[in-house]
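*Asks:* According to TrEMBL, the feature domain 'P-type ATPase A' maps to 51-149. Annotated transmembrane segment per TrEMBL: 161-187, 199-221, 565-585, 591-610, 630-651, 673-692, 704-725, 737-754, in sequence order.
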Amino acid sequence: MAIALANGGGKPPDWQDFVGIIVLLVINSTISFIEENNAGNAAAALMAGLAPKAKVLRDGKWGEQDAAILVPGDIISIKLGDIIPADARLLEGDPLSVDQSALTGESLPVTKGATQEVFSGSTVKKGEIEAIVYATGVHTFFGKAAHLVDSTNQVGHFQQVLTAIGNFCICSIAVGIVIELIVMYPIQHRKYRDGIDNLLVLLIGGIPIAMPTVLSVTMAIGSHKLSEQGAITKRMTAIEEMAGMDVLCSDKTGTLTLNKLSVDKNLIEVFAGGMDKDLVILLAARASRIENQDAIDAAIVGMLSDPQEARADINEVHFLPFNPVDKRTALTYVDSDGNWHRASKGAPEQILDLCDCKENVRRSVHAMIDRFAERGLRSLGVACQEVPERTKESPGAPWQFVGLLPLFDPPRHDSADTIREALNLGVNVKMITGDQLAIGKETGRRLGMGTNMYPSSALLGQDKDASDIPIDELIEKADGFAGVFPEHKYEIVKRLQERKHICGMTGDGVNDAPALKRADIGIAVADATDAARSASDIVLTEPGLSVIISAVLTSRAIFQRMKNYTIYAVSITIRIVFGFMFIALIWKFDFAPFMVLIIAILNDGTIMTISKDRVKPSPLPDSWKLKEIFATGIVLGSYMALTTVIFFWAMHDTDFFSDKFGVRPLRHSPNEMMAALYLQVSIISQALIFVTRSQRWSLGEIPGFLLVGAFFIAQLIATLIAVYADWKFARINGMGWGWAGVIWLYSLVTYPPLDLLKFAIRYILSGNAWNTLFENRTAFTSKKDYGREEREAHWASAHRSANGLQPAVSKLFNENTSYRELSEIAEQARKRAEVARIMEQNTLKGRVESAAKLKGLHLDTNKQNYTI
């Protein structure tokens, strides 16, 4: 519209500005398309590996195929956790429990039996059965609905941030335009085209045209970087949420531990008369799968000399697969004599409930479970029964509890270090496990994540040790929960979010899907079910917690790049609008719109490299603080506008530069003043990015090579234009190298105060003033270090107790404990632990002393608390 208005007034049409704007838009669009396409192709290749699979029978063999290649008539096998890949009709087998809420809106799972239909997109909640496909793709029930219904796009948080920043810039420009219109026409009686050209300068220079491109490219490149680290991002904006994550609810099995179970045969307890340990193992193996095994099945069957012994001399009648409600498996079989039997293994409590055990047997079982748990061993109950009715549906004779198997799942070698790193990053890791409380506490002790754990009953206010603590506070301060069910996980996440935490949740099973969906960042771990992957925001391709922490650091680096640019964009808007406005109104000097276009094109070319800049991730969870961005942008932009106004005043109204540096005056040559003003604005505007990208002094943090290279190339071009250009249409003539040197020197002198202003803003917005001004989500505690000292001291105390160095204390901290004392305890514990580690690694005294001195530790002061 401004270009259309920039005609008339006795001057030719402003075609140069029109072409310049088109070039600027094309450059931004092209760069955005290329970078997003490259990152998108890489992510798509990785996502292809996560495409839904189906177990299908072809050529008489079962195999795993992409769900996309299924055709009507295929026989498929579906089980717990699968997302049904096509519309199919069930064959003979036990009924399935299917969640069809995504299709029908039904809140409760429905039961489907033989000959009934199941629909693509449904999730199997319980059971396992074969089915025959009769419809695929758009011909399915789900496909037809999706074809008829237009999807609605919700406005995400990232889009809201972009809108808010854009609105701020537009409002700033609008203020400048209104002031110029009021002063130029009614008061100064300026010519029509002169006023329009000045308005065009504000519009071209003030609107952050490159902002959507820079931010989307930064996230796309960051998403590709995350995928290289083993974290595939399904939702792009999950990157900014992971940067702000302050609580991570982590599953124990497979994430904190290896999920490689082993059984110590010597510790097996037999409770049935006439049986031995070998028979208990055999019964447990019969209640296990010999194909398509989970970790427990593999551990049990692996104890047999030959895996085929699990099915030797018996005929399998029916296998009951595991589900998160019953928490057991069972096999109905016929032995060589024709007698029917049933064997079951599973959670000890569930197995005990099956059996009609005497009270003394129950007490013995519970005592043994507790002893196993104290050593970090999970218990697996085994039971058997006869089936005189000889049908798989019959209840059978009373169950007999035959034994307990201890399962050991060793922690990952890097879990303890990763948890400490997470605490240092302000991320509070909570263990959420279905195992017993004692096992959770023992694992927490070994990993240094604390033993302040509660049973799931505490979430209902039924735990006597936690009855006096409000549920929300209990969840917030707990190190973890044991014996949890799916609804507990969902409730934990919900309560943490209500306490203003940004919560991440890991999961792998269908029972984790609701909590994954509810969490701010749902993370499906490696080998997760289709249902868990579907509900998650990020899918891990590598096991362990270290992948998540690495993703947190990368996300914070990506977020830091985006925040750096937004502060830069707001500052430039303020600087362009008010700098050129004051020059136009006070001195009636009209800056050429075409030269603003040149500044914008060179700036955008440089600023695109910020997506690959070397940045330092925030040490604590970060989030969009718009008031901080706006406050910083206003102050830095106003300062730069002031330096430009002062420069123009000195050049136009004084002989300062001529007297001090011997350059000729330019006050009588408007076209040369245009060149000088252009170069001054170009240099300091681009140099600002080095200030906004750094946390400390900008010259002390080395930027990426691309950013530095782009800056110097752009400013070399800008300097050559200012020195040699002779463009009549842009009203610019070269000013010579003398003035170029003066302007570079002026820019170097006015640059350092930008850092000082940055520090001043942070100081003003810190502490109580910060908390008053901003509503920011906090983690674990209101202290700035997110409770790091307290948790380190707790960790140190627990480890000293475990090694017999001091008596265990039930409650190390209370409300009256001094924060300074806690910090000192933590620091002393850290030093003692470091000395102990050095002593273990270095056997010679000289090596111990030299290693300790290098780390600034003193053996005499740190040894005194140890009993050697």
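Placed from the backbone N, Cα and C atoms, the Cβ positions cover glycine too.
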*Asks:* How about the transmembrane segment (630-651) and the transmembrane segment (673-692): do they have 3 or more C-beta pairs under 8 A, pairs 6 or more apart in sequence?
*Replies:* yes
*Asks:* When you look at the transmembrane segment (704-725) alongside the transmembrane segment (161-187), do they share 3+ Cβ pairs under 8 Å, ignoring any pair fewer than 6 residues apart in sequence?
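*Replies:* As far as Cβ distances go (cut-off 8 Å, pairs 6 or more apart), the transmembrane segment (161-187) and the transmembrane segment (704-725) do not touch.
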*Asks:* Any idea what the model's mean pLDDT is for the domain 'P-type ATPase A' (51-149)?
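*Replies:* Taking every residue in the domain 'P-type ATPase A' (51-149) and averaging pLDDT yields 79.
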*Asks:* Among 591-610, 673-692, 737-754, which stretch has the most Cβ pairs under 8 Å to the transmembrane segment (565-585)?
*Replies:* 673-692
*Asks:* Out of 199-221, 591-610, 673-692, 704-725, which stretch has the largest tally of CB pairs under 8 angstroms to the transmembrane segment (737-754)?
*Replies:* 673-692
*Asks:* Under a Cβ pair cut-off of under 8 Å, which of the recorded stretches 199-221, 591-610, 673-692 contacts the transmembrane segment (704-725) most often?
*Replies:* 673-692
*Asks:* So, by DSSP, how many helix, strand and coil residues make up the domain 'P-type ATPase A' (51-149)?
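*Replies:* Helix, strand and coil residues of the domain 'P-type ATPase A' (51-149) number 18 helix, 43 strand, 38 coil.
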*Asks:* Given a Cβ distance threshold of under 8 angstroms, which distant residues of the chain, six or more beyond its ends, lie next to the transmembrane segment (199-221)?
*Replies:* 2-3, 6, 14, 17, 21, 24-25, 28-29, 31-32, 35-36, 39-40, 158, 162, 165-166, 169-170, 172-173, 176-177, 180-181, 236-237, 239-240, 558, 561-562, 565-566, 569-570, 572-573, 576-577, 580-581, 584, 591-593, 596-597, 599-600, 603-604, 607-608, 610-612
